[in-house]
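Q: Quick one: the structure is below, and I'll ask about it shortly.
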Amino acid sequence: MSDNTLYLRREKRFLVLLGIICLALIGGALYMQIVLGEAPCPLCILQRYALLFIAIFAFIGAAMSGRRGVTVCETLVTLSALGGIAAAGRHVWILAHPSDSCGIDVLQPIVDGLPLATLFPTGFQVSGFCTTPYPPVLGLSLAQWALAAFVLTAVLVPACIIRNRRKPY
């Protein structure tokens, strides 16, 4: 087996793991919403969409046979993570400055108008406010944890691409 094939297999395993982690995070968010009664705000829902897009693109990338297709999917994963950084970063800002609003009047109809909100309203429909403080998990708010996950994804996926695409001389 060539080095390129080994690197590609490693990237595909990483993408599968990333997709599983994103689905687990969405499952955790649904658990907190349904069982613990923590209502999601518009920014929470946008973060769920970002996680879902990361998972979808990661699984598609893992199923690709060529290096170019995997790279395209990894680029889409990174772009989805950047979208998640924007939503989670804004959410962290709002939690730090409670006088600001997440714009529920502006964002709610937009987020509730997205297709998944009608197909799966329990998981993708807005029912809360961004300024609602929930108990921290290991000292960080859920928005801070989401921001950390999106930043890690946005850094590690391109790092994986760069490391595996370098040609040893």
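Each residue, glycine too, has its Cβ placed from N, Cα and C.
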Q: Between C22, C44, work out which one Swiss-Prot annotates as bonded to C41 by a disulfide.
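A: Partner cysteine, according to Swiss-Prot: C44.
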Q: Hey, in Swiss-Prot are R13 and M32 both on the same membrane side?
A: no
Q: Against which stretches of its own chain does the transmembrane segment (145-163) lie, if we need a Cβ under 8 Å and a gap of at least six residues from its ends?
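A: Distant Cβ neighbours of the transmembrane segment (145-163) are 11, 14, 18, 21, 25, 47, 50, 54, 71, 74, 77-78, 81-82, 84-85, 88-89, 91-92, 137.
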Q: Would you mind checking how many other C-beta atoms are within 10 angstroms of the C-beta on C41 (disulfide bond)?
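A: A 10 Å sphere around the Cβ of C41 (disulfide bond) contains 25 other Cβ atoms.
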Q: Same-chain Cβ contacts of the topological domain 'Periplasmic' (32-49) under 8 Å, 6 or more residues past its ends?
A: 26, 83-84, 87-88, 90-91, 94, 102-104, 107-108, 110-111, 114, 116-117, 122-130, 132, 134, 142-143, 146, 150
